[in-house]
Amino acid sequence: MNRSDHEAEGILSTYAETALLVVPRFPGQSDHDCTAALSELASLVDTMGLEVREGLIAPVREPKSRYLFGSGKAQEIADLAEELEVDCIIFDEDLSPSQQRNWETLSRRCVIDRHEVILDIFASRASTREAVLQVGLARMEYSLPRLTRAWTHLSRQRGGSRGTRGEGETQLEVDRRIVLRRIARMKEELEQVRRNRSTMRKQRESVPVPTAAIVGYTNAGKSSLLHKLTGADLLIEDKLFATLDPTTRRIKLEGGNELLLTDTVGFIRKLPHDLVDAFKSTLEETVLADFLLHILDASNPEVEDHMAVTRQVLKEIGAGDKPVLTCFNKTDACDRETLDHLMLRYPGAVFFSVRSGEGLDKLPEALEKMLYHGLEVDRFLIPPDRHDLVALVHRNGKVSREEYSEEGILLVARVPDKVRGLLKEFRTGRDQNVRV
């Protein structure tokens, strides 16, 4: 079986149909944590359309270099895979290239770690050129130390053909050079795509409309919310990582203010760092937003763990200090006791169900408050002939006072930073006595 032949298409979806799942249990981990990890791994594998024959939690007293587990436990797992007649063994842990090879030799089956599962799902979900390149680059860099030959001998090849294979060069070295060239080409193309995205972002920022990024654990309902609020034609699926490409839509709030909402890739426990790096330009939408909508699945028993994971990833990408509006979705699928607990624990959060619409009427008001959260009340003296700027303030700010005189138009208002920047030459100071 040659793994490298399947790198482009996705290993799971190419030739595996049945799987044995293994969650290593390290010292200090609780039964609850391991059971939750097994459930999530099963969901990931189900997303790829595989049949899970069995899942087990296997203790690791001390990680071993050969199989991660001791040789006795490793043989037990290999024997179980043989008994179940599964195509592959999937671990909820990252394996080193040598561990992966050792497992495949022992079990005579394809062995996949958590990292590879997530890469495979991302590959199947990528639709835009940027996402395809980002995932492709991550997959190539993952596969590089795992290159193996399609045949068993590694004899030296002599008399290379037309410069492809040099004197004394092994097929493995040839494959490695090919992959390195592909990685270099992907990086160049991705850099161009990122420059284009940066240009588009600058064009969008030239219009002083506040921005909010919708973030959260995968499958919490982020795309469903954006669709509900804007009517955007988005892919809405009850699957993990249904969204990889950021989608930005403009909405108008009840007070007349406008807001740009961006849907982003979902986070997950133990998200591979190379994917975080690969999606850096996409995740910049989160870093550059004025505030975040953190969407959580209230019906998920692990909701508070999911909150912690999302906060950690936000911190890693430099968005940990952003103002956040916490939103609990899927309240219609949540029992009363859990809902009461969450409401008591997170009094400033908004609770709703995108599916039923219950509670969604509270979201626009909460968004309005986020627009002006922490903003000071400013005084602006606008020239008499600049009614476009007056309209700009009304459209994007909260005006408490408006007076006309020969000098110009006095506006006392709370406005987002982007608008304040455009009006800095007309700003006459703060108004300490006005509440907007």
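Cβ atoms are placed via backbone N, Cα and C, with glycine included.
Remember, it's a predicted structure, so these values are computed and weren't measured experimentally.
Per-residue confidence over the coiled coil (176-203) averages out at a pLDDT of 84. TrEMBL lists 176-203 with the feature coiled coil.
The domain 'Hflx-type G' annotation in TrEMBL covers 210-375.
According to TrEMBL, the feature GTP binding site maps to 216-223, 241-245, 263-266, 329-332, 353-355. Secondary structure from DSSP puts S353 (GTP binding site) in coil.
The Cβ neighbour count for S223 (Mg(2+) binding site), using a 10 Å radius over every protein chain in view, is 23. Taken from TrEMBL, the feature Mg(2+) binding site covers S223, T243.
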Folded-back contacts onto the coiled coil (176-203), same chain, C-beta under 8 angstroms, at least six residues removed = 129-130, 133-134, 136-137, 140-141, 143-144, 147, 281, 284-285, 288
Note = Students should find that the Cα atoms of V265 (GTP binding site) and S223 (Mg(2+) binding site) sit apart, in Å rounded to an integer, by 10
Ask   = Rounded to an integer, what is the Cα-Cα distance in Å between S223 (Mg(2+) binding site) and S353 (GTP binding site)?
value = 13
Task = Go through K222, K330, our binding-site residues, and report the one whose Cβ sees the most other Cβ atoms within 10 Å.
result = K222
Inquiry  = I'd like the number of other C-beta atoms within 10 A of the C-beta of S353 (GTP binding site), please.
reply    = 20
